[in-house]
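Notes follow once the structure below has been shown.
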Amino acid sequence: MSSSSSSSTSMIDLMAAIIKGEPVIVSDPANASAYESVAAELSSMLIENRQFAMIVTTSIAVLIGCIVMLVWRRSGSGNSKRVEPLKPLVIKPREEEIDDGRKKVTIFFGTQTGTAEGFAKALGEEAKARYEKTRFKIVDLDDYAADDDEYEEKLKKEDVAFFFLATYGDGEPTDNAARFYKWFTEGNDRGEWLKNLKYGVFGLGNRQYEHFNKVAKVVDDILVEQGAQRLVQVGLGDDDQCIEDDFTAWREALWPELDTILREEGDTAVATPYTAAVLEYRVSIHDSEDAKFNDINMANGNGYTVFDAQHPYKANVAVKRELHTPESDRSCIHLEFDIAGSGLTYETGDHVGVLCDNLSETVDEALRLLDMSPDTYFSLHAEKEDGTPISSSLPPPFPPCNLRTALTRYACLLSSPKKSALVALAAHASDPTEAERLKHLASPAGKDEYSKWVVESQRSLLEVMAEFPSAKPPLGVFFAGVAPRLQPRFYSISSSPKIAETRIHVTCALVYEKMPTGRIHKGVCSTWMKNAVPYEKSENCSSAPIFVRQSNFKLPSDSKVPIIMIGPGTGLAPFRGFLQERLALVESGVELGPSVLFFGCRNRRMDFIYEEELQRFVESGALAELSVAFSREGPTKEYVQHKMMDKASDIWNMISQGAYLYVCGDAKGMARDVHRSLHTIAQEQGSMDSTKAEGFVKNLQTSGRYLRDVW
């Protein structure tokens with residue numbers, strides 16, 4: 001017992017050091033095994049000291065992590081060049097807000113692809129240079145508060161705040177802004193509680209979509225209603241043109257307003273002209289031993305209980321088949337990801353995010369343009385060697401890997417380059433003529449030329465680099481300031497867990513288009529799916545990191561409620577999941593309400609996808625009626641909205657009985673036409689004027705009976 005007591009005391013001393021945030025340092029890596037016995041003793045202590053259970057469990061994980069890093073450092077200390085030294089492990093307490101008497105500005109962002117975050121950080125960087133006595137903080141909206149009460153408690157303490165808010169899909173907030181947006185838009189009874197807040201909003205959207213910058217507009221309106229003082233008109237960034245120019249114009253309008261708030265009284269000094277630095281990571285080159293460690297780390301990368309974009313599940317492709325007939329000159333793929341035993345789950349109507357690799361031909365072209373070895377193994381660092389941050393604008397670096405892997409997994413190479421990328425290329429162009437041309441394209445004077453030569457021509461980053469061959473940015477610049485991060489592609493899941501619990505089905509049309517420059521654009525993810533090898537064909541099957549994003553595109557909780565589904569082409573995907581779920585209900589004896597599916601394709605002989613399945617759904621009673629529009633069979637083109645008008649009376653009767661309406665597919669064309677048809681049906685069948693009909697349709701949306709999954 002005395003021995004046990006002594007041992008317990010030493011454990012508590014060790015725990016105290018960890019809790020206080022004091023470094024835990026192993027001076028001799030050879031003694032790493034001793035820490036394994038320490039971990040074992042800690043485990044046994046759990047039984048005797050249950051009050052320390054939570055702390056001890058966490059500490060074991062920390063200690064084991066320390067051991068692994070120490071062993072790796074020791075084994076890789078041969079000929080590595082500029083390998084980062086292992087820093088002492090310090091557990092930091094939660095950062096507390098410190099009132100140092102300085103004025104404070106908070107810059108929030110809600111981003112899906114990183115653009116809003118980039119603009120927020122760019123504003124913060126320049127503002128810090130202009131107003132040195134002010135404290136600026138960049139905040140992810142999802143990290144700002146743990147719950148609704150904390151949102152309100154913290155926001156009412158803000159004096160100056162800026163919101164960078166992207167809108168995507170059917171006028172929806174981004175994933176990291178969804179919780180804030182729901183709370184903020186539902187709080188209509190707060191009164192003018194934000195009278196002390198001065199603010200600005202910059203939105204990111206695409207004018208081709210119906211709900212252009214809806215999220216930014218809604219937040220701006222509510223801020224005014226609740227007493228906040230608008231410093232500058234809401235910025236409406238349009239990604240269909242040059243959103244960087246929109247941001248620049250909004251930012252320039254902001255500075256005079258900020259001067260009146262943040263400049264000290266009597267300070268007449270003119271702000272020093274600010275030039276944004278070209279973003280650059282610090283780069284370390286490693287040897288093969290370091291590469292071996294990272295390969296082991298990546299191989300065990302699925303040990304997560306919660307899967308998201310940062311922690312996806314690497315799923316094998318179980319099934320792949322072509323849905324178009326050989327007569328079709330296009331392609332549509334049915335793909336099934338195997339999630340058996342992973343812990344990854346989904347619900348009918350959810351989306352799956354797929355992180356696909358760039359094509360090898362694309363990567364080869366990038367390697368040629370960079371003129372570097374594909375086997376160069378490196379790591380990126382967002383801080384200097386002394387640990388201080390290089391720039392708050394740098395995105396988190398990806399894990400160490402070789403150059404081919406980095407270009408394959410992480411670099412977006414086929415999108416049109418932003419102006420900031422052209423500036424970065426200009427800084428590393430050895431030919432002065434090329435450097436000046438790149439600078440001109442990125443300048444206000446070159447706005448029209450950039451719009452025509454880059455945006456309208458849809459020139460890819462690699463095409464632009466090929467036009468300026470002397471521009472050879474180093475790795476730190478290329479991955480920080482030239483090539484944006486490759487983003488996941490989202491697909492409506494085309495299955496139901498009631499039928500396919502261990503599979504996620506995807507229905508994907510191949511993207512294969514000729515660009516204005518003559519380049520053939522091959523969609524990154526759709527081409528990967530087209531070329532995927534399923535394990536039903538080979539043990540050496542294809543796999544991809546995936547994760548599930550929840551959706552509100554759900555069937556009514558009451559199965560007897562009528563449903564109207566409208567989805568041409570791959571817009572059929574979520575409705576296939578709906579019908580699988582209804583089939584499972586039918587087979588279990590559940591009574592279903594009326595249902596109709598409006599589907600559209602070009603020709604029955606070419607692209608009537610899932611035709612046999614749809615007929616079986618009708619025969620089983622899972623689907624009451626199937627109405628198909630063929631746009632290329634008759635003398636005139638017929639689309640789903642025409643079929644809707646043919647069934648206007650039936651649709652109105654179903655709506656009158658409480659039906660839910662669902663639309664999935666193209667937001668720019670089809671969804672708008674369907675919306676207009678619905679408006680017309682309400683007018684004609686409901687004997688309403690145009691204003692009342694629009695109000696009726698809007699009420700269907702706000703009450704959750706008119707749902708859209710559009711892109």
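Note: Cβ is positioned from N, Cα and C throughout, glycine not excepted.
Swiss-Prot lists Arg330, Thr570, Ser631, Arg632, Lys637, Glu638, Tyr639, Val640, Gln641 as NADP(+)-binding residues, and of the candidates Asp357, Asp364, Asp673 the one it assigns to that same site is Asp673.
From the candidate list Trp453, Trp652, Trp711, the residue Swiss-Prot records in the FAD site shared with Arg489, Phe490, Tyr491, Ser492, Thr507, Cys508, Ala509, Gly523, Val524, Cys525, Ser526 is Trp711. In the shown protein chains, 29 other C-beta atoms lie within 10 A of the C-beta of Ala166 (FMN binding site). In this structure, the CA atom of Phe212 (FMN binding site) is 21 Å away from the CA atom of Arg489 (FAD binding site). On the backbone, the CA of Gly169 (FMN binding site) and the CA of Thr507 (FAD binding site) stand 18 Å apart. Here the Cβ of Gly114 (FMN binding site) has 15 other Cβ atoms within 10 Å, regardless of which shown protein chain they belong to. Around the Cβ of Thr507 (FAD binding site), a 10 Å sphere holds 25 further Cβ atoms from the protein chains shown. Cα of Arg330 (NADP(+) binding site) to Cα of Ala509 (FAD binding site): a distance of 8 Å.
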